[in-house]
Amino acid sequence: MRILDGVVRPYAWGSRTAIASIQGRPVPSAHPEAELWFGSHPAGSARCVDPSGPEQDLVEVIDADPVATLGAASAAEFGNRLPFLLKILAAEEALSLQAHPSADQAREGFERENARGLALEARDRNYRDPWHKPELIVATTPFDALAGFRDPHKTVALLRELQVSELDHYLGMLAGQPDSEGLRAVFTTWLTLPEASIRQLVPAVLHGAIEVLSSGSTEFAAELRTVCELGEDYPNDPGVLASLLLNHVHLEPGEGLYLPAGNLHAYLRGTGVEIMANSDNVLRGGLTPKHIDVPELLRVLDFTPVDAAQMAPPVRMIGAERVYLTPAPEFRLSRIELDGTGLHHSSSICFDMPGPQILAVLSGAIEVRPAGGAPLTVKSGQALWITDDDPDVIVRAASARAVFYRALVPVAVSAAEEVSASAPAAVTATE
Ligand SMILES: [Zn+2]
């Protein structure tokens, strides 16, 4: 069990207040701070900082004894690496329009780019590893995103409301085939238009959006405001057009959004806790100066219309733990709020699950006591690394209120459940 300091990623779209506030540092920070990584990714490994052992990178701790730290079940399934990456993400501006490959697509794409002789760090490399990258974000502030293709009938209504004659052709395409194939046709056409056409079409759409917004009554106000913001930041980018086809998803704190393979998405603004399979495979379609590969994006995209409710992971309360259920085998994320005043029910929680775990504190502080050992106090903006061979722990609030997120590997837990014939590994809230 070690206390982790995360690694700040200073991407330009990041917030100057969110991560610094969580960590209790002065705001605004000197540079944008987009993400705080708690994981063992070689590009940014968290650091073990408590005095119980040498100060070192988490990746070194795992490499020194993968089976003892990760457990046999996780190591057998995912190899000698932590299968997930846990982050705090704080977006002040939109991130790129992107999608991630399925496990099969990632394996095939990685081998194909290796066969072409592309260096792993080449700028035009799409597949930097052979793994898929399902993602789950849970909002800790109001959070906005574009995600998944909207029901085309609704998009036809939106395009009709815009009354932009330059869009008539595409409106006709979608109205004539209001399904995934119609979406594929319009999206593919927009992303492959010559730049001269984009330079005409995007301003026309922005003009139309402003007209509708200033007229006052529209059910698509949030969608059109997003189009205007993206158009201001990326005036000649087909991603602005693509945003017309996507759901505008708004999350309140505690609500989640799960992005499976092939889901086209772009986070717009807000802070959240994000967990993903430990991979770098991103296919971008716009709203970024980074490498864009439209044909490859088209290969992996899922054009099946979805709505926000379908992308919200089911939530199950297990004692004081709010668990976000997803099909991703690499991770399970949950949120726990503990009360340190002694006035309410959930003041502590016992974890006895096997496999690697990371607890990230978002608010207040927690005291974690291993069975038969000395406790560690983990402050807001820090995390705790718990290994497979650590004993059971009891977590208490070390402040009036403490909020933390817990990441674990489901396969490690289910393997242990199979071995033990008794009750499933229990998580209990205690007085
Ligand atoms: Zn993504």
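Heads up, the Cβ atoms here are built off N, Cα and C, so glycines get one too.
Cross-referencing Glu60, Glu135, Glu229 against the Zn(2+) binding annotation in TrEMBL, which names Gln98, His100, His265, picks out Glu135. Sorting each residue of the domain 'Phosphomannose isomerase type I catalytic' (4-150) by its DSSP state yields 37 helix, 39 strand, 71 coil.
The two recorded residues, His100 (Zn(2+) binding site) and Arg284 (active site), show a Cα separation of 9 Å. On its own chain, His265 (Zn(2+) binding site) has Leu97, Gln98, Ala99, Ala145, Leu146, Ala147, Gly148, Leu246, Leu259 as residues at least 6 apart in sequence with a Cβ closer than 8 Å to its own Cβ. Taking all protein chains in view, 25 other C-beta atoms sit within 10 angstroms of the C-beta of Glu135 (Zn(2+) binding site). Cβ proximity to the Zn(2+) site centre (mean Cβ of Gln98, His100, Glu135, His265, cutoff 8 Å) flags the following additional same-chain residues: Ala99, Lys133, Leu259, Asn263, Leu264, Val282.
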